[in-house]
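Structure record follows, encoded as structure tokens.
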Amino acid sequence: MAMKFSTEDFKERIKENIGDDFMRKAVAGAQERLHTRRLDAAEELGNWEEWRSHGEEIRQHVLENLDYYLHQLSENVASRGGHVFFAKTGEEASRYIKEVIQKKEGKKVVKSKSMVTEEIHLNACLEEAGCEVIETDLGEYILQVDDHDPPSHIVAPALHKNKEQIRDVFAQKLDYDRTSKPEELAMHAREMLRKEFLTADIGITGCNFAIAETGSVTLVTNEGNARLVSALPKTQITVMGMERIVPSFEEFEVLVSLLTRSAVGQKLTSYVTALTGPQGEGDVDGPEDFHLVIVDNGRSRILGTEFQSVLQCIRCAACVNVCPVYRHIGGHSYGSIYSGPIGAVLSPLLGGYDDFKELPYASTLCAACTDACPVKIPLHELLHKHRQVIVEKEGRAPVSEKLAMKAFGLGAASNPLYQMGSKVASTVMKPLTKNDRISKGPGPLKAWTELREFPAPEKERFRDWFTHHQKEKGDGKS
Amino acid sequence: MKVSLFVTCLVDMFQANVGKDMVEVLERFGCELTFPQGQVCCGQPAYNSGYVEESKAAMKNMIQTFEEAEYVVTPSGSCATMFKEYPRIFKGDSEWEPRAEKLAGKTYEFTEFLVEVLQVEATGAKLEGKATYHPSCHMTRLLGVKDAPMKLLNEVEGLELITLPNAHNCCGFGGTFSVKMGPISEQMVDEKVASAELTGADYLIGADCGCLMNIKGRMERKGKPVRVMHIAEVLNSR
């Protein structure tokens, strides 16, 4: 439930977002840029399919041995003087973090980008406890300033906004009076944020991958903000989903190569940071106190099921960037902080079907997502699997659909029934047919013909034509 | 070469001309054709909607119907993909899995069959005008047939091929998606139609009847002048 941010009906959300021309232009433009860049970056690396297979293998290996690597990771963090907390739920994670901050009498928290802290609603929890929480990733900062607008993309959370809209937000909330030039906007945010970095007592980061062998956490950014978050405040808290582990730096190198290329089409991002525990003897910076919060929040329930492969995800959003459905409805239509194909698979698993049962149907099963995934998650198959669960295990399909499918099952499996139906179709549909088309169909055709013409059934079916054709040819085999 | 036609329910009932064109092209290259009368539908509409058990009866019917076939050829990338999925769907079923394997192994999409099996690229077709090609999703990504249609179209006399912008994006058909998620489907097909118009093409060509029915239906509704053609119709143009 935690990643849900909208109480509106799915159809309402779609309608609203389809009508948002600014958002749609911004999304389409970003998709096209990122698509080309990703393909170029993959080609430049070479042997992309082998890299993908290798990435998949690493992720599968970690998931198969997750207990081992979690143990190893926690031992190594502890041996370097860090604290590890395993949180079964989002609430447990938030409570622990709040308590750490309260013990330190922390007032100001700076954060670098983290989807899992969005998932567990950490900011709201800390704000309730009287903390000031400042997002320092530029996209997240924009959203926070804009009255906590939810993220619409897992990598570029403010993707739905264009620069003019951002200028307006800054003008309204931050007394910004310069232009909509990205450089000026970024400079302003930087000026504002620098003060916060220098006065914060707590830094909270996410974690791209934790390295079991050394007890390190790694952060991949282009803005460098995660380094300030982890270097300046005296206390650092890193929050990670329990599956975000690699065995050693060797596997990390493979995954980070896949991640940056798939996410933004870069060989590497500007900053790739690995942090190992609190400040040691002789270190000039880094936190005095380090906490690693490992969040389950429904993930262990997915392990060992037919959906396990979704936990391979490295949050690159390549699937989002190629999704033709996301392209038109944008991230907010999903009603979950996890949007696009990965969100449509993950949200019902973590948040339940009550809130997210429509998402698996928001796909044509075109498989662009599966094709783009750098760790080969069969996303479209998992979307299909959800549909099967919704129909067969959850029994949530509409009655009319169930009946239609039952009828389909009978008709499609039985040749005599089909023969009869298809033979009379042309006659039955004749009153509705004009110029070989049906413009206003009844029953199941209604939804189709609201948008498109439907072809009139053939007077002579192919099979009848073929029989004549064979006779004419004289060999009569059919 | 003996070829059993799997024409798909859409072609049988709504686009018989596509089937006829496919027949004429294959016969021209010496194929001996049969049409196993037991065929109905591959089961995809129910399967993709999550009704896996309901769809299995349709699949078993198809497996039986084509049991004796040497080659199975179909004018639909998506339906061919469905046949290829059967072994996965019947995995662990000692009776049906091996039979499904056999069917999957001998199934070819029409253009793939021409290029890979018959080794034909120049079909002798002639069609004057500009054309753009929509690579349908299942055919391209799941079946992996990308080059065959282009090789064949490149040989069509008089035809000038223009690349479709954002060709990789789905047209918004997606079987029941087209009616279940109408508002989204509408946006997707509108973008596809607009992309085709942008090329200035006279023809939009594809190799999947479902996708083409969607694009054509929308073009007709909006009164667009672009003619939507199945690749079999193009290859049988003289």
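Placed from the backbone N, Cα and C atoms, the Cβ positions cover glycine too.
Those TrEMBL annotations? Automatic predictions, nothing curated.
According to TrEMBL, the feature [4Fe-4S] cluster 1 binding site maps to A:C313, A:C316, A:C319, A:C373. Annotation comment: TrEMBL describes A:C323, A:C366, A:C369 as [4Fe-4S] cluster 2 binding site. The feature domain 'LUD' is assigned by TrEMBL to A:71-295. Annotation comment: TrEMBL describes A:310-377 as domain '4Fe-4S ferredoxin-type'. Residues or ranges marked as domain 'Lactate utilization protein B C-terminal' by TrEMBL: A:384-470.
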- request: For the domain 'Lactate utilization protein B C-terminal' (A:384-470), provide the mean pLDDT of the predicted model.
  value: 88
Field: A:C313 ([4Fe-4S] cluster 1 binding site) CB neighbourhood, other CB atoms within 10 A
entry: 23
- request: Could you say whether, by DSSP, A:C316 ([4Fe-4S] cluster 1 binding site) belongs to a helix, a strand or a coil region?
  value: coil
- prompt: Could you state the CA-to-CA distance between A:C373 ([4Fe-4S] cluster 1 binding site) and A:C323 ([4Fe-4S] cluster 2 binding site) to the nearest Å?
  reply: 11
- prompt: What is the nearest of the binding-site residues A:C323, A:C366, A:C369 to A:C313 ([4Fe-4S] cluster 1 binding site), using the Cα of each?
  reply: A:C369
Statement: binding-site residues A:C313, A:C316, A:C323, A:C366, A:C369 with CB under 8 A of any chain B CB, in sequence order, are A:C366
Field: For A:C366 ([4Fe-4S] cluster 2 binding site), nearby residues of its own chain (Cβ under 8 Å, 6 or more apart in sequence)
entry: A:P324, A:H380
Statement: Whole-Å Cα distance, A:C369 ([4Fe-4S] cluster 2 binding site) to A:C319 ([4Fe-4S] cluster 1 binding site), is 4
Message: Give me the sequence-ordered set of same-chain residues, not including A:C313, A:C316, A:C319, A:C373, with a C-beta within 8 angstroms of the centroid of the [4Fe-4S] cluster 1 site's C-beta atoms.
response: A:S262, A:I314, A:R315, A:A317, A:A318, A:V320, A:P341, A:I342, A:C369, A:A372, A:P374, A:V375, A:I377, A:L379
Message: On a simple 10 Å Cβ count over all chains shown, which one of the binding-site residues A:C316, A:C319, A:C323 is most densely packed?
response: A:C323
